[in-house]
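Taking it in order: structure first as structure tokens, then the write-up.
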Amino acid sequence: MLTTLLPLLPLLLPGWALCSQEASDGPWDLHMTQVSYFRNPSQVWHRGNATLGGVLTHVLEGPGRNVSIQQLQPLQEPDSWALTKIYLNRYLEEFVGLVQVVHQERGVTFPLIIRCFLGCELPPEGSEARVFFEVAVNGSSFVNFQPKTASWVAEPHAPSRVVTYTVDQLNKYNRTRYELREFLQDTCVQYIQKHITTNNLKGSQTGRSYTSLVLGVLVGCFIVTGVAVGIFLCTGGRRRC
């Protein structure tokens, strides 16, 4: 169930993480972030949003099982959006359950904040697109993805056996390396080229819808989180993974 629902996570980003909520003349971009604050194993507050070309498209905020989820752009029909919200809430329940299991197994120290920030930016014609996936734990940079080598690396200031173990695990699987790079460099960039540059964000869209893209192509991306979140949580504990 967790793997099935992970693709929905990119719809969630913290409001304070936005640089702008209006379209600009700068690089086109698709930015996604997810933040979960755990006061203790049973109390969590989720915040999130997504922006496309600087336009806020989705927001989420709330505690535990009482999360408010809103679609700010008419990207899904009411029936479809209602189903998406069900999946999102179900995912959040699974996410909290996972943290509780890891706490039981590893003795995690609370409070705990996990933040993932990823996306792609399309600069003026002729320049290479910028893609990124960054993970922070308790406000400190933890690991990031290097698309040129399709590999994860530890942040320079965070050397530890836990971080080393995490990087080793993430670099073991094609899904967390090459499939992620394909999403960031190809699917994400192509989506921006196809939809934002043709001014399709608020109008009718050709090809696959925004929702189909988000729920489909981010599977590989957020399976990364599924594989790694338990490892990330260990950084808040006193035991070695």
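Cβ coordinates come from backbone N, Cα and C, glycine included.
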**Prompt:** Which of these, Cys188, Cys221, shares a disulfide with Cys120 in Swiss-Prot?
**Reply:** Cys188
**Asked** Using Cα coordinates, what distance in whole Å links Asn138 (N-linked glycosylation site) and Cys120 (disulfide bond)?
**Response** 24
**Asked** Between Asn49 (N-linked glycosylation site) and Cys120 (disulfide bond), how far is it from one CA atom to the other, in Å?
**Response** 16
**Request:** Translate the DSSP assignment of Asn138 (N-linked glycosylation site) into the three-state scheme.
**Result:** coil
**Item:** Asn138 (N-linked glycosylation site), number of other Cβ atoms within 10 Å
**Value:** 14
**Prompt:** Taking the Cβ of Asn49 (N-linked glycosylation site) as centre, how many other Cβ atoms lie within 10 Å?
**Reply:** 26
